Amino acid sequence: MAEPRLVRLARHLERGVTPICQALALLGAVAGSAIVGLIGASVAMRHIANAPFRFTEELVGLLMTAAFFLVLPLVTLKSEHVQVRILLNALPERIAWVVTGLAALFGIIFCAWLFWLSIPWFEFAFARTIKTEVARLLLWPWMALLPVSMILTALAFAIRGAVRD
Amino acid sequence: ADWKFNNGLPEGRSESQQLDQFAADVAELTEGRVNIDVFHGGSLNLKNEDVVRWLPQGAVEMGLVWANYLGRDAPALNAVLVQGSVGSPEELITVLPEIQEIYAEELAEWGIVPAGYMALPLLQASIFCKGEPVRTLDDLRTKKLRVWSGDQVETFTKLGVAAQIVGQTELYVALQTGVVDCAVYPALFAHTISLHEVTDYASYLYPVAGVPYVLGVSAGAWEDLSDADRAAITTAADRVWERTNAYEAAEENEMAARAKLEEQGLEFLEPFSDEDRAAFLEAASATWAELAEEAGGNAPAYRQRMLDALGR
Amino acid sequence: MAGFWSVFLGGLLAFAGSGLALGAALGLTGLLILHFVANGATFVAVDAVWNVLNSFTLSAIPLFIILGEIMLRSGVSARIYSALSPVFMRVPGGLLHTNVAVCTLFGAVSGSSLSTAAAVGSVAYPEMTRRGYDRRTVVGSLAGGGTLGLLIPPSLSLLIFGALTETSIGQLFLAGLVPGLLFAAMFMVYIYLRCRITPSLAPAEAARPPGREILRGVLGLWPFLLLILSIMGSITLGFATPTEAAGIGVIATIIIGRLWGTLTLRALAEAVYAAIRLYGAIAFVVIGATILAQAVSLLGVPQAILETVRASDLGPLAVLAVVVLVYLVLGCFFDGLSLMIMTLPIVFPLLTGLGYDAIWLGVIITILIEIGQVTPPVGLNLSVLVSVTKNAVSLGEAAKATVPYWLILLAGVAILTALPALALFLPGALM
Ligand code: NA
Ligand code: NA
């Protein structure tokens, strides 16, 4: 039986989106490595030069946030999330199949909602050029990752919902 | 109306009891038309640093607004006064009315109505150290110092002291293990984080520039009230100011706090010398100017108004 | 209130039950509560997400996962477990005991039970399943052991408790130590008994090597001991804060993996990539739980429940029992620290007012929120471990395997109520 057009479209989309998600996840891994390097350098500076970096705490927080938003689309695309499957396993196969589609829809709604909420939140920081308190790092470039990540994650939920294998 | 009041301070603090009294006064003065439920200890999970985000949007109707929390979102408010801006408790008391005026002007732009103010107790910042006694800037230059704000890092760096910000929850362990040797802290609040358990000596350095708390109301909630209820809330808030803007017992309280710490095994040394204290205030003054400049907007003008009020 | 409960329970049931990623299910429920019950205050969700991801204390978690992945891929963990397994050969439970022991040791380094579970789990799980240990039993021992991170000092929950209630942090730390060790011992006794009854849970090794060889194997672990020393030493000697120590640990692991193991640059890159993906899965649950907790705390629901308890005028023991019950139920839906911050302003004056000791109460509440860390659906320790197993053990299986540890923690509350001296003796004697 030929696949429905929607599924074929989703597979097509997946081929296109996967490298983007992988590239972002790779960037996330770079952010993770940067945390290690930064902490190492900071501890060394405190003990060797008696001049600790003042921005370590803020930058580590931002890098960690960035790493999460960068890797989330790939984690979603590869279905690596923690799930509750008890109810699903108890349902008859056909109903479970429908429910899985619903779950993807819920996932899309969550991401779309958070995306929607993040727009005024981002504008607040962008319009006022808000900076971190100690290191005076401009915040909006970091904050922009949230809406971008939500769009891609919603797309990943949609692909997984359409291609259920 | 049923209002929620977000208070980030622990329930046991005297400020929290003032807010409970405020809520009781409001209920009485409005004859039960406005009931304020005060949530202590940050139990609503709203962060102090985010107050200009959640309060104007009406997540709750009231919240404690403190300019020192707002270095990120409202740097101009934060730069009105920095640590070391005032050289004595008298100077701080002198500028309090002008500060309130500035806050009222600035907060209007954020959609926050100041119902009134609550004064901090007069606090004296001491340097708490473990191991060896430290009571000169020269001693301090050989130590790692914990501070709580960015402007303090600037000021101490100017003085050649390696200062770093350590979060409140990490401070105890950081001192215990020696990540830092010393911490700036007011003796009056030292017991709240069990500072006497991890330090051995303390020496007074400067008076804390304790800017007042704002009893902030979300502008939307304020507009929904009748004139009479608004007046009642303002009256209750004014009483908070009257009760807290009293400093006769300040010196006595400070000495009692120090005596209590000594009882618990901490030694209170002579204060830092006059020269050292003057050097600190001078460095802080330079930091203040830089910070106001950097914050931009109204910040330099606010600083000028403060300087005028101080007669400098 | 009826509106709240229907959105809360209905949302959780529908979204989590549908098999949706748990983080999205919790977050969506939180958003619905904020939208329909909390006057549309959905905007607080974004700040809550941002704040929790930016907290410096949480940063230890990805670091410890990176550490575990490097050890795994450099062959260091395999060497450690090869050397250790003959030691525990004759003991029913075998290497399962090392999980509890290492969690105890690790608890002395880390202030959070989440990082403890992440750190020990990411090293122990792959090695032990490879050696034929029952997956669920391994996860149970790690989830249980992970809770020790909060009770054995340093402890994030005791620090926050001390700051919010103005009780002595030093006394709280000392008070947590004996109960923490007691729990570790009870966990080990349980593992021993369980594996005596069902020996297939832990594999039997073929032949016991001579004692000399065992000793040589263990002595060969010195680079690993050096790693533990570098983490613990950097904290106790004041070289680094507990959070920084995780970063130092990663650097030490890279060095050891290179010199002692087979770590290549490629393996290192793969380890970091795999670790960040694991972290993404874990952090998604954390942010979902945060949105839900933000919604519920904004409504003041736990406070309202506890106010009812306060007004009920029961005796001290009955009030304590009800408070424990409330924590057990709320613990299902909230992660530990946000639950503690929500409830402390009421529970602390309520129970100290009835004559309970403040230090003792800090220990009891820490145990109760530890229990919350291992009860589904929002048991973050469980979520971490499910991620570590790459979903080979489901959340339900993990929860079931952890029930015995849950019961031991609960029994611990009863024991400490009967014998408060277990907690209070040490601070009384030393401070
Ligand atoms: Na610990
Ligand atoms: Na839970």
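Along the chain as shown, residues are numbered 1 onward.
Glycine is no exception: its Cβ is also placed from the backbone N, Cα and C atoms.
Taken verbatim from TrEMBL:
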| type | residues | note |
| --- | --- | --- |
| DOMAIN | C:10-422 | domain 'TRAP C4-dicarboxylate transport system permease DctM subunit' |
| TRANSMEM | C:60-84 | transmembrane segment |
| TRANSMEM | C:104-125 | transmembrane segment |
| TRANSMEM | C:137-163 | transmembrane segment |
| TRANSMEM | C:169-193 | transmembrane segment |
| TRANSMEM | C:214-240 | transmembrane segment |
| TRANSMEM | C:246-269 | transmembrane segment |
| TRANSMEM | C:281-302 | transmembrane segment |
| TRANSMEM | C:314-334 | transmembrane segment |
| TRANSMEM | C:346-369 | transmembrane segment |
| TRANSMEM | C:405-426 | transmembrane segment |
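Spatially, the transmembrane segment (C:214-240) is adjacent to the transmembrane segment (C:60-84); three or more Cβ-Cβ distances between them are under 8 Å for residues at least 6 apart in sequence. In this chain, the transmembrane segment (C:346-369) lies apart from the transmembrane segment (C:246-269): fewer than three C-beta pairs between them fall below 8 angstroms, excluding pairs fewer than 6 positions apart. Outside the transmembrane segment (C:137-163) by six or more residues, the chain places 57, 96, 99-100, 102-104, 106-108, 110-117, 120-121, 124-125, 128-129, 169, 172-174, 176-177, 179-181, 183-184, 187, 191, 194-195, 201-202, 242, 336-337, 340-341, 344, 362-363, 365-367, 369-371, 373-374, 379, 381-382, 384-386, 389, 393, 397-398, 401-402, 404-406, 408-409 with a CB less than 8 A from a CB of the stretch. Remote same-chain residues near the transmembrane segment (C:246-269) are listed as 59-60, 63-64, 66-67, 70-71, 73-76, 79, 110, 115, 223-224, 226-227, 230-231, 234, 239-240 (criterion: CB distance under 8 Å, separation of at least six residues from the stretch ends). Of the recorded ranges C:104-125, C:169-193, C:281-302, the transmembrane segment (C:405-426) has the largest number of C-beta contacts under 8 angstroms with C:169-193. Mean pLDDT for the domain 'TRAP C4-dicarboxylate transport system permease DctM subunit' (C:10-422) in this predicted model: 89.
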